[in-house]
């Protein structure tokens, strides 16, 4: 074991960084943020150079996969410059550089992203129905998202569709969305609603356990458990009838903490060792200190000591959100 590796107190090796480049987004998805979301002052957000230096510091400590997130990462001005800078490390310590996007800005960036060394991306899409999309995101942007997906496919990017399953919202159209995605050659991952941040709607009413979703899909299709792993929380099945792969992320009904290999850093440089925990370490202060390399490494050691064994997500009538911060702040 290399001395520089990031190992937490439960023996888990941290190899995956989810790095938020902005808390801003051009959608207002009801399960993610309120309509009148108060975004961070720009002065508090790390510069692109600081984000690059931060990522390089993590690579020195054994991080081999970096995912750029938001908010919506592609609304950050000149973010493709950051992608290019990090892409130069792919194959030289960094095994994979990827990002998660809502797809609205993707048509104009897909080729540049692919040229920078990104091989696959995740795209958030909860519905193929224009009215439902507008209700969920509070924006009429489905056509832009579908155009972005088409552009990414044309650029040669491998695409995974992330879909939050919501009772009474999109649960009934999940089979059609899977059929469409698999027909286009895209994997799909279904995600349970997570109790993060104050929003304008009741998550209890929307919560749809994926155990129930899987049972309904098994009545329609032949699902075979897959050995496919991406180092993340998703558990995959192969769908015989569609010829595609389907993942399930179940933080509420079946937590995925034992094999956790990741940390998250916000656009302000706050490291959260756990998506569902309040523990954090300030990396921005280390970056802006007189000895950034040494202080950043020390801060990462501190983060390993406070990473909890598991999250404490709960959802139910009268339950407060597990944490007040929004997913757009943490980096989804």
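Just so it is clear, glycine is given a Cβ too, placed from its N, Cα and C backbone atoms.
As the structure is a computational prediction, the values presented were derived from the model and not from experiment.
For the GTP site, Swiss-Prot lists 18, 100, 160, 262, 263, 264; matching the candidates 52, 61, 67 against that entry yields 67. Summarising the S-adenosyl-L-methionine site geometry, the residues cited as binding it (31, 71, 124, 194) extend over a maximum Cα to Cα distance of 16 Å. Around residue 29 ([4Fe-4S] cluster 1 binding site), the same-chain residues at least 6 positions away in sequence with a Cβ under 8 Å from its Cβ are 126, 136, 137, 138. Under the three-state DSSP scheme, residue 32 ([4Fe-4S] cluster 1 binding site) falls in the coil class.
Note on residue 257 ([4Fe-4S] cluster 2 binding site): other Cβ atoms within 10 Å of its Cβ, all shown chains, come to 16.
Every protein chain shown contributes to the tally, and the Cβ of residue 31 (S-adenosyl-L-methionine binding site) ends up with 21 other Cβ atoms within 10 Å.
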